Amino acid sequence: MQYVGIQTQQSRNNLRSGILLILFPCLVAVLTYLFCYLLITFTVEDDYGQYNTLAMTNQMFINLIPYIIGGVLVWFIIAYFTNSSIIKAATGARPLERKENKRIYNLVENLCMSQGMKMPKINIIDDDSLNAYASGINEQTYTITLSKGIIEKLNDEELEGVIAHELTHIRNHDVRLLIISIVFVGIFSMLAQIALRSVYYSSWTRSRNDKNNGAILILVLAMIVAAIGYFFATLMRFAISRKREYMADAGAAEMTKNPLALASALRKISADPDIEAVEREDVAQLFIQHPGKQAKSALSGLSGLFATHPPIEKRIAILEQF
């Protein structure tokens, strides 16, 4: 994969972030209209044909969309500004003090100084497996997190390559881009889960209250619409996640002038990337290699369309030819 300049990659990711911020409200609006149309179609007896159905749909959409957009906006603001603590809790990470490991601080500081970057925060996951990730949306929240295993089992050159990989994510602004996509997908996931659980509860109480039939239909329609949104938003998120790994590998090779060290690190990481605390798929894609069992099977079917990471063998091969 051809590597592009830092400024070009930053500009591209800033543009993509802007496009996501524009496309997401549009997707929400389209899905809201679809929900209104389906609801009118299945619940209202229309004696005046398609025109009246569309008129009623338009009126319901106009009445409903301000509340939908308002709720989504509140969710986005909360998730956007609390993402660091959410990710830390989801991965079991904690701050790594300088006195605990001066070696790591020296490696990070030297790389940051060579690139003119501000020093990020450093966290550690107390897990013997090998993995790492970058997170944050600005200089105040940028963080590099390393597992205990990756610190102990990689030599300095390999660890420098991994750190450079994560610093490239930060420098290229693709950490922020990915977090925005994660927040968006999370909204659809939450709506689908709420609708699914509500349908289950309503169907369970149906025998006691036949009036629940209409409510169940509404919830089923909401679940279908939310699932459609989740599907397309997830595809977009996965595509962003896969490409960013190639770019970060190339950036790390350029930063350290030692692509073979990162290739060696990836080989060791691929042998044991599983982080026990990580259960959420959206958080898993932040890591240098998928930290769960899907690391071995994510590429099966549809040519890896639903994979969060590209094949690590391909990444290693590219680095060896860099």
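For all residues, glycine too, the Cβ spot is worked out from N, Cα and C.
Pulled from Swiss-Prot:
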type	residues	note
TRANSMEM	19-39	transmembrane segment
TRANSMEM	61-81	transmembrane segment
BINDING	His165, His169, Glu245	Zn(2+) binding site
ACT_SITE	Glu166	active site
TRANSMEM	175-195	transmembrane segment
TRANSMEM	216-236	transmembrane segment
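Cβ atoms under 8 Å from those of the transmembrane segment (175-195) belong to residues 13, 16-17, 20-21, 24, 72, 75-76, 79-80, 83, 134-138, 142, 169, 219-220, 222-223, 226-227, 229-230, 233-234, 236-237, 240-241, 244, 282-283, 285-286 of the same chain, restricted to positions at least 6 beyond its ends.
Fewest other C-beta atoms within 10 angstroms, among the recorded positions Glu166, Glu245, are seen around Glu245. Its Cβ placed at the centre, His165 (Zn(2+) binding site) has 27 other Cβ atoms within 10 Å. Around the Cβ of His169 (Zn(2+) binding site), a 10 Å sphere holds 27 further Cβ atoms from the protein chains shown.
A gap of 10 Å separates the Cα atoms of the residue listed as 'active site' and Glu245 (Zn(2+) binding site).
Reduced to three states, the DSSP call for His169 (Zn(2+) binding site) is helix.
Cβ atoms within 8 Å of the centroid of the Cβ atoms of His165, His169, Glu245 (the Zn(2+) site) belong to the same-chain residues Ala134, Glu166, Thr168, Asp174, Arg244, Met247, Ala248, Asp249, Gly251, Ala252, Ile288, site residues excluded.
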